[in-house]
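Here is what TrEMBL records for this protein:
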DOMAIN    B:271-405  domain 'Oxidoreductase molybdopterin-binding'
TRANSMEM  B:20-46  transmembrane segment
TRANSMEM  B:84-104  transmembrane segment
TRANSMEM  B:125-144  transmembrane segment
TRANSMEM  B:156-174  transmembrane segment
Amino acid sequence: MRRPLIPVGSPFQLLLLAASFALAGYAGVRLLADDWFGVAVWFVGAALLHDLVLLPLYAAADRAVVRGLGAAGHREWVRYVRVPAALSGLLLLVWFPLISGMVDRRYRLGTGLSPDGFLARWLLITAVLFGASALLLALRLRRATKQRPPAVH
Amino acid sequence: MTRSPSSPGFWRSPLRGAWLTSALGVVLLGGITVLFVTGLVSYAAYNPNLSPVNDKTPDKGILGFYLFPWPTDPHWLYRLNQGLHVTLGITLIPVLLAKLWSVIPRLFALPPARSLAHALERISLLLLVGGALFEFVTGVLNIQLDYVFPGSFYTLHFYGAWVFFAAFVAHAVLKTPAALRNLRRLRDEEPSDLVSPRPDPPTVSRRGALWFVGGGSLLLFATTAGQSFDGLLRRTALLAPHGGADPGGGPSGFQINKTAAYAGIHAAETAEDAWRLVVTGRTGTVRLSRAQLARLPLHSAALPIACVEGWSTSDQWWRGVRLRDLAALVGYDDDPPDVLVESLQRRGAFRRAALRANQVADPRSLLALYVNGEDLSPDHGFPARIIVPAAPGVLNTKWVARMTFGDL
C-alpha cells in the first residue's frame, strides 16, 4: 500500500477544525454580506500588518537599543529605555485616533467635550515614564558607586 | 540560512518558549471568554428580537439562539457588563500582543504543513489571529468615534466575533491541555520549537517579561477604568474617550453620548409652543405639551447612563412620567405592552427604538422631564427623554417625539 503524499493527521483535530470552519463560514458569509472586499482587507490586513509590519518594527527598534547600549558597554541599561518606550508606544497605539486629533471634530460635536487634552496628556505620561526610569537608573548607579570597594579607585 | 525567518536560528530571544506562550495563552483563554460572553450579553440587552429597529444584524439566524428578554434588575446590569467588556478588552491588548510575539516564529515555520490536519490548523490560525485583531481594532476605533471600518460597527463586531470565536474554541481545545501541562511543569522548559537554538544573552528574565506585559495592562487599565465612574475617579482615565472632565457643570454636567447639535435638534422644534408628544395606543392618539406632561403624576428614579462604548455615569436623579402611566392614557390600564419610541433626531442608528413590556411596566421606567432637580438640558434630551433601568444608553431615547404602545 502506498503512503499518502501528505499524512492526514489526527482525525479528532480534523473533525474539530471542520466544525470550527463550518461555524466560521456561517458567521463569515454574514460578515462579508455588505462589503466583502473591504471586510476581507481589514480581516486579513490586520493580521498581515501586525505580523509583517508592527512586530518587525518594534523588534528592530528593540534590537537597535540592545545593540547600541551593548556597544557602549551598558547592556544592563536596556530595561530603562525599553520599558518606558514600550509603555508610551502602547498608549499611542491604542489611543491613536484621539491623540493624533484625527477625530477632533466628531468628538467635540458628539460628546461636548474638548478633544485638545489627549496629546498633551500622552506627552506628560511619556515624560513621567521616562523621568521615573531615569530616576531609577540614577539611583541604581549611585548605589553601585557607593557599594564599590575603595580598592577599585 | 539564519537570515531567513523560517530558520529557527533567525529568532534570537531567549524568552520564547512553551512556558511563556502557555502563561499568556491561559490569561487570554479566561479573558477572551469573558469578552465573548459580555459581548453576547450586550447584544441581548438591545432586545434585538423585539423589533427590527433594535437589531443591526437581522440575518443573525442561529447566532441569536441564546437571546432572552432583557431584565430591568439590577439597574446597573448593563453598566457593569459593558464596563467590563470594554475595560477588560483594553487591558488585554498587551497580553494579546505579547502572545502573538511569543509565537511569531511559527508563522514562518517550514514545511508549511506536516499533515492535512496541520494544514487546516494553520488556515484556522489566520481566522484566529485576523479575527482577534479585527475585533480588538474595531472595538478600539469605535469607542474613539473613529468610524473608518468598512460597515456598521454592530454588524462587523458581532459577526466578526463569531468568526473569531469559532477559531478560538478550536485553538483552545487543541492547545489548552498542553498549555496547562507546561505551566504545571513550572521551571523546566519542555523542548519546544519556540525555543531559540542560538539565543542572545538575556536582557530580562522570563518573570521580568511577564511583569512587563502586566505593567502594560495595568497602565491601560489605570488610564481607562475611571470612565465608568464620576468625579475624581473619572479624572484618572487620562486617555479614555470619556475620562477627564465632565461636560459643563451643574445638574446636567454629566457625560453625553451625542449632543443636540450632533443629532440635528433645533431649539425651535423643542420650544413649548412647537413640541408635542404624540402617544398612540389601543384607544387612539393623545397629544401632550410639556406643560401638560408636567401636570401628570411625576415619579423619581435614580439610574445611570451606560453606553455600549463602555463608559457610564453614576446614578442620576431623574423625574418624569412613568411609561406605564402613559400606556394607561391610551387604553392599557393594567397590561402595559411594548412601545416604539421615536426621536426628533434626523440621523443616528437608534432614532427609533423599541422597549419591551417588562421595561415599560417597571415603575422606575420614565419619560423624564427633569434631571437632578432641573429641566433636562438640550444635550440630555429636552423636552423629554426615556430612562429605563439596566437598558443600554441608546435605548434611552432623547428628544422623544412619538410613542406607539402595542405589541410589536
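Glycine too: its Cβ is placed from the backbone N, Cα and C atoms.
Nonlocal intrachain contacts for the transmembrane segment (B:84-104), taken as residues 6+ away from its ends with a CB within less than 8 angstroms of a stretch CB, comprise 11, 15-16, 20-21, 24-25, 27-28, 31-32, 34-35, 38-39, 42, 129, 132, 136, 139-140, 143, 194, 209, 213-214, 216-217, 220-221, 224-225, 228, 309-311. For the transmembrane segment (B:125-144), same-chain residues at least 6 beyond its ends with a Cβ under 8 Å from one of its own Cβ atoms are 32, 86, 89-90, 93, 96, 100, 153, 156-157, 160-161, 163-168, 171, 241, 309-310.
Under 8 Å from some Cβ of the transmembrane segment (B:20-46) lie the Cβ atoms of residues 54-55, 57, 64, 66-68, 70, 77-78, 81-82, 84-85, 88-89, 91-92, 95-96, 98-99, 102-103, 132, 157-158, 161, 165, 168, 172, 175-176, 178-180, 182-183, 194, 206, 209-210, 213, 308, 390-392, 394-395, all in the same chain and six or more residues away from its ends.
Across the range of the domain 'Oxidoreductase molybdopterin-binding' (B:271-405), the DSSP-based residue counts are 23 helix, 50 strand, 62 coil. Looking just at the domain 'Oxidoreductase molybdopterin-binding' (B:271-405), the mean pLDDT is 97.
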